[in-house]
Amino acid sequence: MSERKVLNKYYPPDFDPAKIPKLKLPKDRQYVVRLMAPFNMRCKTCGEYIYKGKKFNARKETVMNELYMGLPIFRFYIKCTRCLAEITFKTDPENTDYAMEHGATRNFQAEKLIEEAEKRVVQEREEEELNNPMKVLENRTKDSKMEMEVLENLQELKELNQRQAQVDFEGMIDRYKDQEKRDKEREKEEDERETKEMLDRALVKRIRDSDSDSEKEEESSSSESKKPSTDKPTDILTTVKPAESQGTSAGGVKKAKVESWERSVGTLGCKAALGSLVVRKKPAAAVNKPRPVAAAAAPTSQTDSKAPPADSNNASKPVTTQNGSSSLSLLGAYSDSDSDDSE
């Protein structure tokens, strides 16, 4: 299998390069090349400025019968961008530059002209010194005098500056000490401020810790107070409410907290409700004599008021239950039921 990019060619054994016909091209033939303007120029026909770096499609040719140290010189043809006038310039290998021929003028050549003038002066001097030894001595004497004058002028300028300059060394030292003192004071103030901020943060943290501890203690105490004192659910029917809460609710100062079961079902601690539910067992003497109890419960103008004083006292004395409610009505109802059974 052959390679994709082949660099070598196949030459048959009977190949004769002398049989290949040669192309006869003229020596002054032109090529089309792409180039940029080598310098700033201005068209002589329309006055259009063509700046350095402007791109052109130029024609290139070799200048006949013109060489510089064996190097050929090339000429380029371009057209003005405005009037299409032809402008030509060629290479200048002697000065490593380009030379303008016709169609335009080169701009901004001040620096180049100065350099060329300096080169001409140096070249003329070298030519004079080459054939005249006395001229060489004169030129050296002039150069030495010039150098001495320059050194004297420089020394005078230095002395003048030293005379006019008045340096106050004591003032400089004082200013340095003042600056150092201010720096120390500023550092001291910064240290004090930092320590104060640290103490303030520590104090705030302690206060917050103490507040949190007190809040925790209050929450624990409130939870303990809210914790019910009864162990069985049925104990609430026989428990007695504290007198203080009853007094405050009766007086209208501040009512006690209403529990959830009281809001939904009703007040179980009421005397009327407990009176209808709880019945205290009567002693035997009270059961045998029900009439005086009924008479004491509902006194009339009849002769029943002449009952024995002991029995009337016992009958009129109310019987209290565990929650403090009166059982007088309960005894009357119980005595009525007994009388009906006996009849």
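Every residue gets a Cβ built from N, Cα and C, even glycine.
Feature annotation from TrEMBL assigns Zn(2+) binding site to Cys43, Cys46, Cys80, Cys83. Marked as region 'Disordered' by TrEMBL: 170-343. Annotated compositional bias 'Basic and acidic residues' per TrEMBL: 172-213, 224-234, in sequence order. Summarising the annotation, TrEMBL assigns compositional bias 'Polar residues' to 299-324. If you look up TrEMBL, you'll see 325-336 marked as compositional bias 'Low complexity'.
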* Asked: So for Cys80 (Zn(2+) binding site), how many other CB atoms are inside 10 Å of its CB?
  -> 21
* Asked: Can you list, in sequence order, the residues of the same chain other than Cys43, Cys46, Cys80, Cys83 whose CB lies within 8 Å of the CB centroid of the Zn(2+) site?
  -> Lys44, Thr45, Gly47, Glu48, Thr81, Arg82, Leu84, Ala85
